[in-house]
Amino acid sequence: SAAKIWRPSRGLRQAALLLLGRPGARGLARFHPSRQQQQQFPSLDDKPQFPGASAEFVDKLEFIQPNVISGIPIYRVMDRQGQIINPSEDPHLPQEEVLKLYRSMTLLNTMDRILYESQRQGRISFYMTNYGEEGTHVGSAAALERTDLVFGQYREAGVLMYRDYPLELFMAQCYGNVSDPGKGRQMPVHYGCKERHFVTISSPLATQIPQAVGAAYAAKRANANQIVICYFGEGAASEGDAHAGFNFAATLECPIIFFCRNNGYAISTPTSEQYRGDGIAARGPGYGIMSIRVDGNDVFAVYNATKEARRRAVAENQPFLIEAMTYRIGHHSTSDDSSAYRSVDEVNYWDKQDHPISRLRQYLLNQGWWDEEQEKAWRKQSRKKVMEAFEQAERKLKPNPSLLFSDVYQEMPAQLRRQQESLARHLQTYGEHYPLDHFDK
């Protein structure tokens, strides 16, 4: 066919031979193609030769309407009662692995409740819960290798929880005490851990997307047998950085998984006001990215999709987009009151009828791997573990104020050194006006 003959590297050269004739001939009059040659090189009008798209000509004016394209289906493995729908899609995870999924999700939920209340009591300055989205974090984390690099947004604490990040460090970061690896210089919930390959979170939306693509490109060039996973919400997908990241990943063929948590709201803006197309997964094919939409409240669906995307991203050096449909049960943050823009009944429906933790618990009960006594014991144990870490973090001092100026340059510039010295003189003179006894010396 013409598509096979007119390859990008040969098309122009062959077209020139058709127009100019054989070497040594003068003009078109000396060139007489045979019947075989006429069949081999059909008219250029048969198929478009434009370099920017692969398509066919039509002779009828018609715009493509988005509402006539059927929506991308939502892949799921188990129903709301924890029953496997199609046995061939069952990941057949061993009991201990499923219990680890469940314990990670419920421990995260317990930590959320305690830290949310601590902010309301004025003990920490800010917090963001993960209620209702635990399945997206933990299910995807379980499908990754521990060395895969993670770029999060600000609602992926479950990835760190699954990777056994200590509760003490979660608490230290939220309190900004001397045990915080970030030395108290980040907002709460902006975690980072080099040892667990989790890049420190940045508040501005979507900045992590092109950064993650760059990291994936570097991994590809190094033949590292590693992928990068980049998490973001559907609201962040409206940022320009998302477009840049998607396009770079596709054209540079980077081994990356774009993991979009579509939880229904970008702070107070519902999805109906964010976009008119079919969600986020529908954007992938336009960039040349393999895409899938999954039930984010089904931890096994999330696991399967991430596992396969990871396998193919490494084997084929190409990006994948996963849109996990879920619901943000909690407020956007402790600075938000979601009752101003959504009903209590709406929230209660998702909390009571389709919660990822409830669904996985039902699966465990169906398998005979869990019972009510174990549930009560684990709830008590997990709360005790969180409270112990909480109380320990609360007793610790804040980092020394002089650390405000460190860790920016390898060698501190003179200007920063002068500022550091100025702060030290100020505190020495007016120290009685500051709670310096709460800070490390």
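Residue numbers in this text run from 1 along the chain shown.
Glycine residues also receive a Cβ, built from the backbone N, Cα and C atoms like all the rest.
Binding site for thiamine diphosphate per Swiss-Prot: Tyr154, Arg155, Gly235, Ala236, Arg261, His332, plus Ser203 from the candidate set Ser104, Ser118, Ser203, Ser382.
Annotated Mg(2+) binding in Swiss-Prot involves Asn263, Tyr265 plus, out of the candidates Glu234, Glu239, Glu253, the residue Glu234. Checking the candidates Ser125, Ser179, Ser343 against Swiss-Prot, the annotation phosphoserine falls on Ser343. The Mg(2+) site, placed at the center of the C-beta atoms of Glu234, Asn263, Tyr265, has further neighbours from the same chain whose C-beta lies within 8 angstroms: Gly233, Gly235, Arg261, Asn262, Gly264, Ala266, Thr271, Thr326, Tyr327, Arg328. It is 20 Å from the Cα atom of Arg261 (thiamine diphosphate binding site) to that of Thr334 (phosphothreonine).
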